[in-house]
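Database features (Swiss-Prot):
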- Ser1: N-acetylserine (MOD_RES)
- Cys46, His67, Cys174: Zn(2+) 1 binding site (BINDING)
- Cys97, Cys100, Cys103, Cys111: Zn(2+) 2 binding site (BINDING)
- Gly199, Leu200, Gly201, Gly202, Val203, Gly204, Asp223, Lys228, Ile292, Gly293, Val294, Arg369: NAD(+) binding site (BINDING)
- Lys233: N6-succinyllysine (MOD_RES)
- Lys339: N6-succinyllysine (MOD_RES)
Amino acid sequence: STAGKVIKCKAAVLWETNKPFSIEEIEVAPPKAHEVRIKMVATGICRTDDHAATGNFVTPLPIVLGHEGAGIVESVGEGVTSVKPGDKVIPLFSPQCGKCRVCKHPESNLCIKNDLAAPRGTLLDGTCRFTCKGKSIHNFLSTSTYSQYTVVDEMAVAKIDEASPLEKVCLIGCGFTTGYGSAVQFAKVTPGSSCAVFGLGGVGLSVIIGCKTAGAARIIGVDTNKDKFAKAKELGATECINPLDYNKPIAEVLQEMTDGGVDFSFEVVGQLDTMMSALDSCHAACGVSVIIGVPPNAQNLSVNPMLLLGGRTWKGAIFGGYKSKDAVPKLVADFMAKKFPLEPLITHVLPFEKINEGFDLLRSGKSIRTVLTF
């Protein structure tokens, strides 16, 4: 048994930004009290990992990135009650302590114990569980899934159906849930409504799946890459438009298409100009616009208050507005019950050692989601 012992394993270490990941042998310490050590089985490559790898999302280095994954509990620290060795689990980049003001609030989900706002790169106790060549290696967003083994706090892991295929449901750890939940849980898209989705990558396509599930009548995909339109329509988009095909602002085009603007718009690009376009494209009196895309670095928007005074709602969500520990097991159960698909989002499956190839696919726009398997 490996319980209580240091485990030596492979991990993708980022020593410095804008350099390839280095596959290294690292040591993973046993879990302390209220911590869980997980043997990773599969992990997705998400744009947020790329933002960290390029330095646009500032995090301490060296680090083991990865935050969208699934695995099996190897051992648990003292006092852990929600999971046991052998359980299938998904680590949670947005934890749920259950005690803070946010966790107790019925409508909010960004637990104050998260490591998103100003990443320390540690577990809750302020220390790391990884070492390599004598150096301490930082954790990423409470998860660090680009390692054969990782250690997480108990509040940052959810037990899931033991029959679930981990190489698919790992997407529920971030990308799918972030998009799908933004439509069904956070914006609460209504039956018969009109929706516009800006950005048709993995998260944008997941928004489309959510809009369709919620019963939207019109789902308009917006992207400058028309190669993405076929997949968007396959998953529920009723039409797709390319802003480059018009000689006027895309918000005007959408307003004309939808009698003054859509009921719900979603920005899944992470650019200031598309955030403004998405806001302007929802109806001035009753529209709701949701920001999902993360801007690579902190920039300010300047907004005319008249855009909001008529009754528009403008809001943002992380992880689809879901309380993570509560929602993830239910979402996995819904997937197992065939309430939504994940397979169309996975375009590439690569062995973990080919992580740099996976990031090349992301950066070149050739993949929707690449899943790395261990």
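Using the three backbone atoms N, Cα and C, a Cβ is placed for every residue, glycine included.
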If you count the other CB atoms within 10 A of the CB of Cys174 (Zn(2+) 1 binding site), including all protein chains displayed, you should get 33
Gly199, Leu200, Gly201, Gly202, Val203, Gly204, Asp223, Lys228, Ile292, Gly293, Val294, Arg369 bind NAD(+) per the record; greatest CA separation between any two, in Å, is 20
Check each residue in the chain of Cys103 (Zn(2+) 2 binding site) that is at least six apart in sequence and keep those whose C-beta is under 8 Å from its C-beta; list them in sequence order.
Gln96, Cys97, Cys111, Lys323
Around the C-beta of Gly201 (NAD(+) binding site), how many further C-beta atoms are within 10 angstroms, looking at every protein chain?
23
Counting distance between Cα atoms, which of the recorded positions Ser1, Cys46, Lys233 is nearest Asp223 (NAD(+) binding site)?
Lys233
Within 10 angstroms of the C-beta of Val203 (NAD(+) binding site), what count of other C-beta atoms is obtained when all protein chains are considered?
29
Pick from Cys46, Cys100, Cys111, Ile292: which of these binding-site residues has the biggest number of other Cβ atoms within 10 Å of its Cβ?
Ile292
Name the residues of the same chain, 6+ apart in sequence, whose Cβ is under 8 Å from the Cβ of Gly199 (NAD(+) binding site)?
Val222, Asp223, Glu267, Val268, Val269, Gly270, Thr274, Gly293
